[in-house]
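Database features (TrEMBL):
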BINDING   CYS181, CYS192, CYS219, CYS223  Zn(2+) 2 binding site
BINDING   CYS181, CYS183, CYS186, CYS191  Zn(2+) 1 binding site
BINDING   CYS186, CYS219, CYS225, CYS229  Zn(2+) 3 binding site
BINDING   ARG251, GLY252, TRP253, ASN320, HIS321, TYR362, LYS390  S-adenosyl-L-methionine binding site
DOMAIN    37-95  domain 'Chromo'
DOMAIN    179-237  domain 'Pre-SET'
DOMAIN    240-363  domain 'SET'
DOMAIN    385-401  domain 'Post-SET'
Amino acid sequence: AWYVPCLASLETLQELCRKENLRCKSIGITNRNLKSYEVEYLCDYKVEEGTEYYLVKWKGWPESSNTWEPQKNLKCPLLLQNFLSDKNEYLSRVREGKALKVRNHVKALKPAVADYIVKKAKQRIALQRWKEELNRKKNHKAMILVENTVDLEGPPLDFYYINEYKPAPGINVINGITTGCECTDCPAEKCCPKEAGFILAYNKQKKLKIQPGLPIYECNSFCRCGPDCPNRIVQKGTPYSLCIFRTNNGRGWGVKTLQTIKTNSFVMEYVGEVITSEEAERRGQLYDNQGNTYLFDLDYDSDEFTVDAARYGNVSHFVNHSCDPNLQVFNVFIDNLDLRLPRIALFSTRTIKAGEELTFDYQMKGSIDLTSDSADGLSPSRKRIRTVCKCGAVCCRGYLN
């Protein structure tokens, strides 16, 4: 289904809910504050007759209900801390020497400072709600965090989190597999990879042991083995807590790991809409004009289908490109053995430290690395406007495509 953003403002929705005595957690109206007042954030500051006042935005109430409150009445130390931190951050950026100015014995913040503080508070709330939404929708145990210490950008307005491929009409990503291995202790001689003509992809430590370019065949829903089977890795989802963060060099959002990731470990799957290559060509023209790159060709066996993660995707939507990446692409087959529709898994190429950004090469095709010198080998959806690369790697090729 396609989603349409609500055209009513948050204030309008809050006023309507209160008028009808309705509760709506998503816009901040709960049993706790329907008839009472709770500080949502602080908007402004002034001193009158020696008393400090803060302009308070009340949670679940429109901004027209904001009131000035003396500091002694406020029981919100964290919000006070955020207010002061945002004020100092703004002043340090514009290099102003003073936060206050005196007029008629009244001290007050400059309007530009107060405006920034309000925008930062709204952004903080929006990012918190987005983080909660992402963690509600994910199907793995690891946490997803969100962080922006760079600018005032909030959550993307036209992105919807999914955990698996979303096929376009007419495309079937499940090909009706009805058999599985009979192993009680995988891997056995007749385990799934052996039946497909390949070796087991993982070692006893559940780390990848095959070379790039080779496919991974995991046990499926019809196999006799249980959930602890060593041949069930990708299907369990991301095992590491990750953070979607705002980059400081113009690359938009990125993803960093909050835990150390060992070499050859599964990190995440690349998911999105599965579309035809013809549709990918049409969308690609639009994305190039926007400077975006979200199309991933499923060309393990043919160039018939493409994954588009522009509107629908998971954390991988925010992973940036690097010409010297720490993630490698592998094709995976589990409940679908259609060679035209592999699942795309990203594995670590080396040890990745906690706090390090995750990247993969947007031109990576299994073991084949398509450099700018081999652009003639690209599929039609790749022969378009070239996007400048900002990865900063020593071996940077200069372009994403």
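Here the Cβ of each residue, glycine as well, is placed from N, Cα and C on the backbone.
Listed in chain order, the extra residues whose Cβ falls within 8 Å of the Cβ center of the S-adenosyl-L-methionine site residues ARG251, GLY252, TRP253, ASN320, HIS321, TYR362, LYS390 are THR247, GLY254, VAL319, CYS391. Annotation for the binding-site residues CYS181, CYS183: lowest Cβ count within 10 Å of the residue's own Cβ, CYS183. Taking CA atoms as the reference points, CYS219 (Zn(2+) 2 binding site) and TRP253 (S-adenosyl-L-methionine binding site) are 34 Å apart. Around TRP253 (S-adenosyl-L-methionine binding site), the C-beta neighbours below 8 angstroms that are at least 6 residues distant in the chain are PRO156, ILE244, PHE245, ARG246, THR247, PHE318.
For the domain 'Post-SET' (385-401), residue counts in helix, strand and coil come to 0 helix, 2 strand, 15 coil, using DSSP. Under a cutoff of 8 A between CB atoms, and with a sequence separation of 6+ in the same chain, the neighbours of ASN320 (S-adenosyl-L-methionine binding site) are THR247, ARG251, GLY252, GLY254, VAL255, GLU357, THR359, CYS391. Across the structure, CYS186 (Zn(2+) 1 binding site) and CYS192 (Zn(2+) 2 binding site) place their CA atoms 9 angstrom apart. Highlighted in sequence order, GLY180, CYS183, CYS186, CYS191, GLU218, ASN220, PHE222, ARG224, CYS225, CYS229, ASN231 have their Cβ within 8 Å of the centre of the Cβ atoms of CYS181, CYS192, CYS219, CYS223, the residues recorded for Zn(2+) 2, and are not part of that set. Put simply, of the binding-site residues CYS181, CYS191, CYS192, TYR362, LYS390, the one whose Cα is nearest the Cα of CYS225 (Zn(2+) 3 binding site) is CYS181. Taking Cβ-Cβ distances under 8 Å and a sequence gap of 6 or more within the same chain, the neighbours of CYS223 (Zn(2+) 2 binding site) are GLY180, CYS181, CYS183, CYS186, CYS192, CYS229.
Within 8 Å of the centroid of the Cβ atoms of CYS186, CYS219, CYS225, CYS229, where the record puts Zn(2+) 3, the same chain has further Cβ atoms from CYS181, CYS183, PRO187, CYS191, CYS192, CYS223, ARG224, GLY226, PRO230, ASN231, ARG232.
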